[in-house]
There are 2 protein chains.
Amino acid sequence: MSTNTANAANTNTVRSGKPSNEIFIGKKPLMTYVTATLVQLANEPTVVIKARGKSITRAVDVAQIIVKRMDTLGYKIGPIKLGSETVQSEDGRTRNVSTIEVPISRAR
Amino acid sequence: MSTNTANAANTNTVRSGKPSNEIFIGKKPLMTYVTATLVQLANEPTVVIKARGKSITRAVDVAQIIVKRMDTLGYKIGPIKLGSETVQSEDGRTRNVSTIEVPISRAR
């Protein structure tokens with residue numbers, strides 16, 4: 001894991017004032033979020049992967065990559081929370097968008 | 001709820017030999033799956049909404065519509081399961097695709 005991606009993920013989270021154990025899935029490559037989650041898991045017992053709308057599938061992908069491909073590290077998925085938020089589009093109309101929270105923690 | 005959609009959803013599930021309390025999310029309109037789930041919930045205490053890949057977001061949408069918009073009916077979401085399957089594309093290459101299982105049950 002190159003240190004500058006790790007640092008970027010780390011400082012990026014701290015600078016934006018978010019709790020440091022939350023990872024928001026956006027449009028970056030999948031492995032960026034896998035790396036950021038692993039970096040957080042080095043410091044925090046649990047990291048929560050959050051996503052909404054179309055990114056929900058990518059949040060599940062990140063969780064599966066960490067738990068399945070890196071199963072020697074012994075991470076496990078905690079109770080998953082579903083929810084929905086009201087979002088306002090540019091034309092002022094509001095619509096509901098689904099959200100997911102996937103907690104990942106060290107098993108040991 | 002028009003009876004023929006209800007019957008279509010019902011017989012459709014029984015004919016295909018799947019357990020009758022499972023709903024697989026595909027490419028049909030969202031409300032088709034909401035209706036099918038509600039019809040199943042009239043007969044079964046718990047219905048499991050299943051999806052994989054890009055349909056995962058739609059499974060979460062269906063669950064949210066049932067639990068949020070129809071909250072007078074008092075349904076609740078059970079423990080969600082994530083997983084992954086190996087899928088073979090036409091060119092013979094295999095790839096992992098994430099899966100989700102969202103159980104919905106009558107609260108009362």
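Placed from the backbone N, Cα and C atoms, the Cβ positions cover glycine too.
TrEMBL labels come from automatic prediction, so no person has curated them.
Copied over from TrEMBL, here are the features:
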type     : residues : note
COMPBIAS : B:1-13   : compositional bias 'Low complexity'
REGION   : B:1-20   : region 'Disordered'
DOMAIN   : B:21-79  : domain 'DNA/RNA-binding protein Alba-like'
MOD_RES  : B:LYS27  : N6-acetyllysine
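For the residue listed as 'N6-acetyllysine', the same-chain residues that are 6 or more apart in sequence and have a Cβ closer than 8 Å to its Cβ are B:SER55. Helix, strand and coil counts from DSSP across the domain 'DNA/RNA-binding protein Alba-like' (B:21-79) read 34 helix, 13 strand, 12 coil.
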